[in-house]
Amino acid sequence: MYTCSYLVTLLLNIAMLCQGANIFRLQHGHSMEEVSSYPTDAFTSATPTVSHWAWQRELVAAVGSTVLLNCTARDGLAPAGASWQHNGRKLASSRRDSPAAPGAQLRLEDVRVEDSGTYLCLVDGRVQTQVVLKIGRKPQLPKIVDCISKNADTFRCWWTVEDSDLETHYRLFYTFNDGKRIRHECPEYEGVDSCFFGYDHAYLHTRYRFEVRATNALGSATSRPYYVDPTTERVKPDPPRHVHTRLRHNDGTKVKVSWRSPTDIMYLSIQYELQYRSENDQPDDWTVQKTGEQTNFLLLGLEPNTRHFLRVRCKPVLLGGFWSEFSDVTEVMTGESHDRHRHHLT
C-alpha cells in the first residue's frame, strides 16, 4: 500500500515540477500539505521561508531566507533519531534541529552563500534524504557597455556580467525606432557578454533600442534602454597591420615606414596617424604625423645611431568614427646621418 502511495505521490510531484509549478506537496504519513518552494515574497525585505519536499534533489533559496529541509524515510514517514550532515560534516545541534520536529527537520535561518552545498539526512548511518542547496541573489541590473562597428557593415554589442553564485543567463533584445516596436533577440551570441550583428541584421543609418535581461533561479533584471545607431555613430576599425620599417641605404637616419589596412573594412575609407619617438624621449612624448589615406611614410632626419619606436592607428574618413587602438609598437635602430632633411610623404 505504501509503495503505491509513494509512486503516485512521486509522479504527481514530477509532473508539477516539469510544468514549472511553484507549489509542491510534502507528505506527512497519509496526509498532504502544500508548501511553497519559491515564495512570492522571496525578494522583499521580509524574511521568506523555503521548504524542500521529500524527493527534491536541488533547492535554490535567496540570501537571508529561512530554509526547511525535511528528512523522510523510505516509507514516507518522518524517521526517529535522524542526523544531518553538510558537505560531509555533522551539523551543530544549535543549527540542526527544528523545535517542531527534532531531527526530522533541518531549519536554516538567515542563510548565507556559505550554506550552499549537499545536505544529507542519515538514520543509523543510512542516507534517507539528500538535497543540494544553492544560495544566491536575484540578478543585479545589467548595463550595456557599448555597440561598436568595425566597418559600418556589421557590429557587436556587449554588456556587464556579474560574478554570481547562481547560474545566470543573459539575453539581448532590440527594436527599431520605426514605431512598430517589434522585439527581436540577438541573432548570434558570442559568449555570455556579447552579441554579433552580421550583414543580415546590421543596417546603416538605423537607430536601435537595446535591452539586456539577466535571469537566474531567483528572478530577473532588465537593463535600462540603450539607443544607438552603431553603423553610423559608433565605427571603430581594428588597428593597422604589419607595420614594417626599412632604412635607406644612402642615409641611416631615413626610415621608410609602411603598414597594411585593418582587415574587414570593406569599402570604408580610412585615414591614418603615425606616431614615433626615440629612446631618449619620455615614454609619452610621441611625435604625431597625419598621413591621410596613405599607408606608407618616409621619416627623415631622425637621431643617428638611436633606437626609435613607432606605432600607427586609424579612423574612418566619414561617419561618426573613433580612432582605433594602436598597432603593436615597432622598433628600429637608425644609422649614420648624411643630410639634415626632415620627413615627407612618398
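Just so you know, glycine gets a Cβ as well, placed from its N, Cα and C.
Just so it is clear, the model here is predicted, and its values are computed rather than measured.
If you look up TrEMBL, you'll see 48-132 marked as domain 'Ig-like'.
The annotation domain 'Fibronectin type-III' is assigned in TrEMBL to 138-238 (among others).
Annotation comment: TrEMBL describes 239-337 (among others) as domain 'Fibronectin type-III'. Helix, strand and coil counts from DSSP across the domain 'Fibronectin type-III' (239-337) read 0 helix, 52 strand, 47 coil.
Summarising the annotation, TrEMBL assigns region 'Disordered' to 82-102.
The annotation signal peptide is assigned in TrEMBL to 1-20.
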Within the domain 'Fibronectin type-III' (138-238), how many residues are helix, strand or coil going by DSSP?
4 helix, 43 strand, 54 coil
Let me know the model's mean pLDDT on the domain 'Fibronectin type-III' (239-337).
92
